[in-house]
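These notes concern the structure reproduced below.
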């Protein structure tokens, strides 16, 4: 038996190692494209400004030292060591950190709205961490000052909007720089042809996204691996051939010497240095597509050493060929291997866009689930990794905006100075990194419950470096840095207005819901009739009768013999297990045949089609009624009970299964209430009869308007912007997969 157990453990470990290595391989083609292609333009961009006046060996070695320590501090120390450990059940990115704070530290405006969500939150950690004085004080501050929660949400949306803006700019700049590289050997290529070739490549890149992250990763990974092998090999050759002394530049003394010699000119050059870490945030944002271990293995074993060798080799070449500072990368390639490396470089630069595209999909998915983005269609492209998704609307919108950016720069000197303007994506990247650093301070204190001194050290070290780079990038806003800021401001406004309008709508429905007694009192006066079938009433309220249904009944006094009020909850946890998906409860006495079902989804859960969902839902209600029948002669029934399809299958096989004191398979919390004279067999018959008669879906088609007394800003945000977004995004019925032939829409106007 011990031999068999040891063999099983060995096989499971081998399987884990194999899957981790496969994910690490895929990550090269998805996560690291942008980061690994930065040597193409870092030195050129850095020496394109006033630093071109300082071309001595000490300045070149100082820039190399800056690049080395920037790569070591930000991607390696900050992200690989610390930030990847702050994942939200395997998910990464700015919104995942916010979700973690909302759920574990009870911060923010998006904390769960139903008490049963605590059951899910409590499973995030196997051990409870004792509250510290610092975490208690911070929590008290956020509880006391509501505006601080609003500011926190705005900071998170700012970081998210910067990533989305980067998803527009990085593909444009990367592909354009690759095409422009052709002109080093084909100087006669007209700018119009460069624009045309760039547009064609972008269309092809976005057309590939529908095949899924894993296939894109397998397709692109060999290109990046060949690229890394090429630049590290060229780097080693240049170090040996031109200047082995560049190894001494790994000392931070050369950073001090650079700023001492160049002064303000050295500070302005930081806008070029920051390009060496563009793509580092993608390691965290794309975490849901892969795993912590796979990303750490890929970076520390391959990416980091390859980049260091490439930068050292280029610096060694420049120390002996200062006349090539403005086109150093391609000049540093030995003539014998120039064309193979050039072709690989062009392909790798195109692949570099994939990291930010995948990160944009992940972040928008999180924003949509947390009511901060209009409804979109999310396609899960992998059965093994639920974080691998594709969003068609976002994909094609990104493509259109990328094409507009490329075409829009046609009338400027962008193409003639492509490398100079590549700091533009760097501005968005450094802002996102600083937002992540700020959120990590709260995570360290309030989630990890560590000493506040450790959090201050984290923010001081990494925040100082990022603010230094940010100040340099902001100084160039007038030269092109306004482009990402405008994009980010537009995205931020859309996200916040959608979030605000959605909360206003839900607040109206919660305050105007009707009690069951009031609805039933209308029965004799309006002559309500019951018709055969099951009615699924989709609503946002968790108690009482939604105003939409009350409006329908008073206008058309009839409804189905079995009514199930369905409320979807998209929680701030990535996934909800199957045994916690449904929470069923009864509304009123048994003879009313009214039920409520709360359906809970995490922001990374895949949605089933309408037929599979309604089958599971009705089966859940049947299991709920069967539990009541099996619960003894006392006629106690479970009024709120999570059940799932697996448990219903077990129940059919073992009808004697009993539930005592809220324990049992698949049950997380139960509450007993007494219904005298409940005839569950009759209810089960009615449910089956209604099921055979057919299902109908009822949803509200609401128009949200600002009150006449509201301010101009609120009227503009609600009536114009939110109204436009609501009319042009996917309708709720389409997003939920409700069949159009079975849908009843009730029109209402809400004044908020």
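A Cβ is built for glycine as well, from the same backbone N, Cα and C atoms used for every other residue.
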Per TrEMBL record, range annotated transmembrane segment [choices 275-296, 297-318, 517-538, 539-560]: 297-318
Segment assigned the feature transmembrane segment in TrEMBL (from 338-368, 586-616): 338-368
482-503, 636-657, 658-679 - the one TrEMBL records as transmembrane segment: 482-503
Candidate ranges 103-125, 126-148, 218-240 [criterion: TrEMBL lists as transmembrane segment]: 218-240
Feature transmembrane segment in TrEMBL, mapped to one of the ranges 193-211, 250-268: 193-211
Closest-packing stretch to the transmembrane segment (421-445), where packing means Cβ pairs under 8 Å, from 21-43, 150-173, 482-503: 150-173
For the transmembrane segment (452-470), distant same-chain residues with Cβ under 8 A (at least six beyond the ends): 70, 73-74, 77-78, 82, 132, 134, 267, 270-271, 273-274, 426-427, 430-431, 433-434, 437-438, 440-441, 444-445
Dominant neighbour of the transmembrane segment (150-173) in 63-84, 193-211, 297-318, 389-409, 482-503, by Cβ pairs under 8 Å: 482-503
Same-chain residue ranges lying at least 6 outside the transmembrane segment (63-84) that approach it to Cβ under 8 Å: 35, 42-43, 46-47, 51, 92, 246, 249-255, 258, 269-270, 273-274, 276-277, 280-281, 283-284, 287, 292, 295-296, 299-300, 304, 307-308, 311-312, 315, 433, 436-437, 440, 458, 461-462, 465-466
Local confidence of the prediction over the domain 'K+ potassium transporter C-terminal' (533-751), expressed as mean pLDDT: 72
Dominant neighbour of the transmembrane segment (338-368) in 193-211, 218-240, 297-318, 389-409, by Cβ pairs under 8 Å: 218-240
Chain residues in Cβ proximity to the transmembrane segment (297-318) (below 8 Å; excluding those fewer than six residues from its ends, i.e. six or more beyond): 20-21, 24-25, 27-28, 31-32, 35-36, 38-39, 42-43, 60-61, 63-64, 67-68, 71, 75-76, 80, 225, 228-229, 231-232, 234-239, 241-244, 246-247, 249, 276, 283, 324-325, 328-329, 331-332
